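Per Swiss-Prot, the features are as follows:
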COMPBIAS  128-139  compositional bias 'Polar residues'
DISULFID  C34-C50  disulfide bond
DISULFID  C54-C74  disulfide bond
DOMAIN    28-121  domain 'LCCL'
DOMAIN    165-350  domain 'VWFA 1'
DOMAIN    367-537  domain 'VWFA 2'
CARBOHYD  N100  N-linked glycosylation site
CARBOHYD  N221  N-linked glycosylation site
CARBOHYD  N436  N-linked glycosylation site
REGION    128-158  region 'Disordered'
SIGNAL    1-24  signal peptide
Amino acid sequence: MWASWIPVLCLGVCLLLPPEPVGSEGAVPIPITCSTRGLDIRKEKADVLCPGGCPLEEFSVFGHIVYASVSSICGAAVHRGVIGHSGGPVRIYSLPGRENYSSVVANGIQSQMLSRWSASFTVTKGKSGTQEATGQAVSTAHPATGKRLKKTPEKKTGNKDCKADIAFLIDGSFNIGQRRFNLQKNFVGKVALMLGIGTEGPHVGLVQASEHPKIEFYLKNFTSAKDVLFAIKEVAFRGGNSNTGKALKHTAQKFFTADTGARKGIPKVVVVFIDGWPSDDIEEAGIVAREFGVNVFIVSVAKPIPEELGMVQDVAFVDKAVCRNNGFFSYHMPNWFGTTKYVKPLVQKLCTHEQMMCSKTCYNSVNIAFLIDGSSSVGESNFRLMLKFVSNIAKTFEISDIGAKIAAVQFTYDQRTEFSFTDYSTKENVLAVIRNISYMSGGTATGDAISFTVRNVFGPVRDSPNKNFLVIVTDGQSYDDVRGPAAAAHDAGITIFSVGVAWAPLDDLKDMASKPKESHAFFTREFTGLEPIVSDVIRGICRDFLESQQ
């Protein structure tokens, strides 16, 4: 029964018609905020009014044409071209959930991919009403009940003491089954909630291991615990073999990229849940993860009983997959029942950043100084080939103010610091400076140059956590002793790679190089032969770095 009746004159006959319900065609559009989501509108069809001037960061959009209900309505409307950034009326239609929401750039908005969601919506041009869009976000009336919704709260910053990018790699195999799969999701949800997810805290995503790995959602998809919990709940059981190794390798290689939300300088973590044992080899996947700087935690549940051990490819699979076999990265629960008491200890591990040893790699935790021969025997054109050699090594590393650092010194009888470790913190700037180094020309005093570099370049960073390397490139015999200065550099913890060209004596190269000499000293007859040595030096740096971390 309608609460009131409105007289309407039609062809001379006065009729009593009920007023249109809120949200129906012809009704005044309901004002909403920039971040109001499709799931906040609980009608099959509703007319809403989007404000103008919404910041793009409030437009969280998943899909194209058909959008997941967790998407911003106004963001979807701008994305589809229904309205512009000045706002306006929008009609929203509720649709069933689906799989594989696509990622598309449209009208200045990048929508995100989502593997599955329980409800969807689409948008069309709405009917204009008496309300007008403004640049101000307003409180919204709830279309289903007529109650006022609370103003959308600001995004939570999260636990700043637990900054980490975390992928939960859950077991979706027939090993675990549907019932224990749901218990696993509940446990992961509790861990996610306790972590303190937020814009400046931990970010999480989820991958399901089964016959083929499936990334359920990425780090960038959700930055609130509420949305993460909802997304975890929506993950469907896949079944198949527990190819955990395949899934771990896929996660290490594809999950932690800038495009998917990985942050610079933040520890990368994969928490692998294994019910029983994996169906494939997990050791190689662990090696790949370490090479990518990913900290692998293994949460094993229900160890195989003696009668099942013959079915396990490698009973030591946990020790071979984790970041370090020191007990910190492995975690065991007897079963999936009564797991609440295991949540806090796991969270404490995930938030202990000083233990995240695999975040440090040879690519982001080294200081590399290049000592470049600028003597007269080199010549301008060959000097440029030397600089190309230096650039090709430098560009391999993750140069930043918290990552790898590069310095360069040119020497003849004299020495000139081209740039120090603290001068440039981006790869682009470092490579540009190397290209523009001018050729000095003069004699060759390599010993003095080593002492100068140790004192003036490495001295200011002696307390740096990065491992120190010196790459010497020379084309001739030094007029001074190299043995003493090189030994002093070794004693100072600096690993030396010596690279000789043309007339450089092999004895000098070996005297300067760190041990074992055969893997730290290189020689080529021609300057064009420097290029193949690039990969040898990079491999050597990474090998020495890994050995120093054992």
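Cβ coordinates are placed from backbone N, Cα and C, and glycine is handled just like the others.
Mapped onto this structure are the features recorded in Swiss-Prot.
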{"residue": "C34", "record": "disulfide bond", "Cβ within 10 Å": "22"}
{"residue": "C50", "record": "disulfide bond", "Cβ within 10 Å": "31"}
{"residue": "C54", "record": "disulfide bond", "Cβ within 10 Å": "22"}
{"residue": "C74", "record": "disulfide bond", "Cβ within 10 Å": "32"}
{"residue": "N100", "record": "N-linked glycosylation site", "Cβ within 10 Å": "9"}
{"residue": "N221", "record": "N-linked glycosylation site", "Cβ within 10 Å": "25"}
{"residue": "N436", "record": "N-linked glycosylation site", "Cβ within 10 Å": "9"}
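Confidence annotation: the domain 'VWFA 1' (165-350) carries a mean pLDDT of 89 in the model. In the domain 'LCCL' (28-121), the DSSP tally of helix, strand and coil residues is 14 helix, 45 strand, 35 coil.
For C54 (disulfide bond) paired with N100 (N-linked glycosylation site), the C-alpha to C-alpha distance reads 27 Å. Separation of the C-alpha atoms of C74 (disulfide bond) and C50 (disulfide bond): 6 Å, rounded to the nearest whole number.
Separating the Cα atoms of N221 (N-linked glycosylation site) and C34 (disulfide bond) is a whole-number distance of 17 Å. Under the DSSP three-state reduction, N221 (N-linked glycosylation site) is assigned to coil, being neither helix nor strand. With respect to their backbone Cα atoms, N436 (N-linked glycosylation site) and C50 (disulfide bond) stand 53 Å from each other. Under the DSSP three-state reduction, N436 (N-linked glycosylation site) is assigned to coil, being neither helix nor strand.
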